[in-house]
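Worksheet: one structure, shown below.
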Amino acid sequence: MTIITINIPSLTPHPCVEYWSVCKVEALFETPFLELVYQAAQVHRKHFNPQTIQLSTLMSIKTGGCPEDCSYCPQSARYHTGVQNQQLLCVEEIVEKAKIAKSRGAGRFCMGAAWRGPKPKDIEKITEIIKAVKDLGLETCGTFGLLQDGMAEELKEAGLDYYNHNIDTAPEHYKEIIGTRDFDDRLNTLGKVRKAGLKVCCGGIVGMNETRKERAGLIASLANLDPQPESVPINQLVKVEGTPLADAQELDWTEFVRTIAVARITMPKSYVRLSAGRQGMSEEMQAMCFMAGANSIFYGDKLLVTVNPEEDGDQLLMAKLDLKPETQENK
């Protein structure tokens, strides 16, 4: 049997100086499965403690009623999915949830708001929330949509650590998934976030009827961001009745693991997070993802409005795999 050796260009220095063409990334996807996982595991061990997992908790602080038409999203006002609209929550309620998350081992508290982008009056409330959560000693992350000029600086001044702004899918597949914004709109906000000095959390979703080449295009687009994102969430589509993608073709589990491995190889210093879709993954599949370089999960029974594995189940799985929550001491 011929073993294919992956040529990893200088382990992709950070910030990004190596251009990853779609063809180059597609070639990684086509590497024999176990060889690909092995190579990704080697890259992982050069930059991270392979026995630790970074735990984040995600809370929806403003739910439903979004004017966007993202085909995967149950929070769009255009679809009938049963999601109950909820205005921006009060500071006290959010802080209480953040305290619970910290007590259960989360090191980062992520907050999501379902809108196209915040208005100036929303930013005033959000900065108050960020300051209160930071006072608990947690890292903070926000996903608030497209930002106007100056907003990223206000969030940074309030103490926000990370801004999540996913590019969703490959540029070539974008219009098949979203019609109310362009791929460049996402890049524009990412540029504002970087300019303000915030860390970037940026990933995408697989299983949206894209081709393997389009999955390669997603990873190439992420890997070519300069600098590369500090955090890369890889989501498996959660199919929700009422959304246009409710009947999307099922993605084979090995293809998802390949995506994790390719993300790890092309972005060696980024945290690669198992995000939405874990509820439908077996323990064995998740273990393979960790082997392939995933080193972060969303921890808690809910991801915005979709179900996530229960914390007890995650603790049991981590114990089986001899994995520990990441801390400053064991990084």
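We number each residue from 1, going along the chain as drawn.
Just so you know, glycine gets a Cβ as well, placed from its N, Cα and C.
Here the structure is a predicted model, which means the values were calculated and not measured.
According to Swiss-Prot, the features are:
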- Cys66, Cys70, Cys73: [4Fe-4S] cluster binding site (BINDING)
- Cys110, Cys141, Cys201, Arg273: [2Fe-2S] cluster binding site (BINDING)
- 51-278: domain 'Radical SAM core' (DOMAIN)
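Shown in sequence order, Glu68, Asp69, Tyr72, Pro74, Gln75, Ser76, Ala114 are the same-chain residues outside Cys66, Cys70, Cys73 whose Cβ sits within 8 Å of the Cβ centre of the [4Fe-4S] cluster site. Using a 10 Å radius centred on the Cβ of Cys66 ([4Fe-4S] cluster binding site) and all shown protein chains, the other Cβ atoms total 23.
Taking the mean position of the Cβ atoms of Cys110, Cys141, Cys201, Arg273 as the [2Fe-2S] cluster site, the remaining same-chain residues with a Cβ inside 8 Å of that point are Ser56, Leu58, Arg108, Thr143, Tyr162, Asn164, Ser231, Pro233, Phe298.
Here the CA atom of Cys141 ([2Fe-2S] cluster binding site) lies 20 Å from the CA atom of Cys73 ([4Fe-4S] cluster binding site). Here the C-alpha separation of Cys70 ([4Fe-4S] cluster binding site) and Cys201 ([2Fe-2S] cluster binding site) works out to 19 Å.
Remark: of the binding-site residues Cys73, Cys141, the most isolated position is Cys141 (fewest other Cβ atoms within 10 Å of its Cβ).
Around the Cβ of Arg273 ([2Fe-2S] cluster binding site), the same chain contributes Gln54, Ser56, Gly203, Ser231, Val232, Pro233, Ile234, Ala294, Asn295, Ser296, Ile297, Phe298, each under 8 angstroms and 6 or more positions distant in sequence.
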